[in-house]
């Protein structure tokens with residue numbers, strides 16, 4: 001089946017289902033998923049709420065939101081390369097370098113060069129950074145508790161499993177050039 005035929009079939013199928021249960025709306029002849037039925041919209045909504053709550057907690061300590069991910073990653077494993085931190089935080093290397101520069105200026109991280117390959121740089125927390133990391137990293141657990149209040153452990157495990165699989169699917173699609181059919 002061609003992409004065009006597949007898209008037409010998908011639109012035709014939504015016409016046979018009431019909008020209230022399917023969560024689709026029609027705009028200019030194109031089926032659109034209502035935000036409350038959109039996985040991407042709900043993930044973004046949750047992420048924004050997490051970010052805002054985290055920001056209020058970090059502000060108490062004068063910590064920038066972007067720093068938190070690096071403090072957390074370095075709290076788990078120190079003396080790592082900027083590339084490792086980019087992968088651990090899912091940030092671009094450019095973003096990582098910029099944030100590490102700011103964190104270095106603020107005395108939160110230190111850079112050291114490899115004794116064998118002087119081009120290789122390793123990042124670790126300073127005492128100030130380590131102290132701050134131990135203060136702010138518990139916010140991850142706190143915010144998870146807020147987000148999952150009233151939700152069974154089983155549902156949380158299912159949610160985590162499904163979200164992980166979705167992320168894997170999307171990352172795989174990106175590796176394949178973002179092709180719609182995965183090829």
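Cβ coordinates are placed from backbone N, Cα and C, and glycine is handled just like the others.
Pulled from TrEMBL:
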type: REGION; residues: 1-29; note: region 'Disordered'
type: COMPBIAS; residues: 16-27; note: compositional bias 'Polar residues'
type: DOMAIN; residues: 36-168; note: domain 'HTH marR-type'
Treating G and I as helix alongside H, and B as strand alongside E, what does DSSP give for the domain 'HTH marR-type' (36-168) in helix, strand and coil? 92 helix, 11 strand, 30 coil
Calculate the per-residue pLDDT averaged over the domain 'HTH marR-type' (36-168) and state the result as an integer. 94
